[in-house]
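These notes are about the structure you will find just below.
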């Protein structure tokens, strides 16, 4: 573990029993008191599930496919990260309070921690899920490149923490299952990352319908082209390269690394995969939620 990085206990606390960045916990009263507006749209994901991809697609929809409009500012200003509270760059609640409607809100919060005002105002919520094995790989590389976060001892060590729910935002299993239950609400749209990779046109059409927007071939084509992985990886307004190395060191790992389905096969050993599968089966027993780990 790098001596320049703090320990896990220095950096993380618990919020409602869920591991969370201490800086976020200190300001969480502002999140709890957040005043939603009826036309707010909330994008919720467990970390590393395609949040930035979905956010950019929504920005393109809101701007009627105007690429230049979407490039005018970085994604974390256009879609503020609700519970994030950092000294210099992202202050989610403050950004959102100063923003004109309609607002697009990003959050990684589980159901029980999302501000109640979003439910009271009957806001539309989109939850994007991704298979757990690809999430844990992507999450591991994020932890390595975010300078302030303590490094895990190894990939295996991080997978163990992930299975135990001892990573920021807690258990992937509980997070995903609780939002799956909430998707019975017609105001909640539940999407799968794997479906988006397999047939992005179909999923964009689904988003347009959910948002009550008119679809045209021209608009959908523009959205698909602008939000392809390669386009977004090369786009400074979406790839987080505007952040200094002291925040995200992209020399360690790029923020937009691969975006593939099935990359977990390059990182899991046979033994670790068997252990993960057993744990997965226990955690997901009784759930109707099914994921694909390859397409």
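One-based numbering along the chain as shown.
Yeah, the Cβs are placed from backbone N, Cα and C, and that goes for glycine too.
As the structure is a computational prediction, the values presented were derived from the model and not from experiment.
Pulled from Swiss-Prot, these are the features on record:
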type	residues	note
ACT_SITE	108	active site, proton acceptor
BINDING	48-53, 130, 138, 193, 227-232, 257-259	3'-phosphoadenylyl sulfate binding site
BINDING	106, 107, 108	substrate binding site
MOD_RES	216	phosphoserine
MOD_RES	228	phosphoserine
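Distribution of Swiss-Prot features across the structure.
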| residue | record | contacts (Cβ under 8 Å, 6+ apart) |
| --- | --- | --- |
| 48 | 3'-phosphoadenylyl sulfate binding site | 130, 135, 138, 139, 142 |
| 51 | 3'-phosphoadenylyl sulfate binding site | 43, 45, 106, 108, 128 |
| 107 | substrate binding site | 42, 43, 44, 81, 82, 83, 114 |
| 216 | phosphoserine | none |
| 227 | 3'-phosphoadenylyl sulfate binding site | 53, 56, 57, 60, 200 |
| 228 | phosphoserine | none |
| 230 | 3'-phosphoadenylyl sulfate binding site | none |
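Compared over the recorded positions 108, 130, the count of CB atoms lying within 10 A of a residue's CB peaks at 130.
Same-chain residues that are not part of 106, 107, 108 yet have a Cβ within 8 Å of the Cβ center of the substrate site turn out to be 42, 43, 44, 45, 51, 81, 82, 83, 105, 109.
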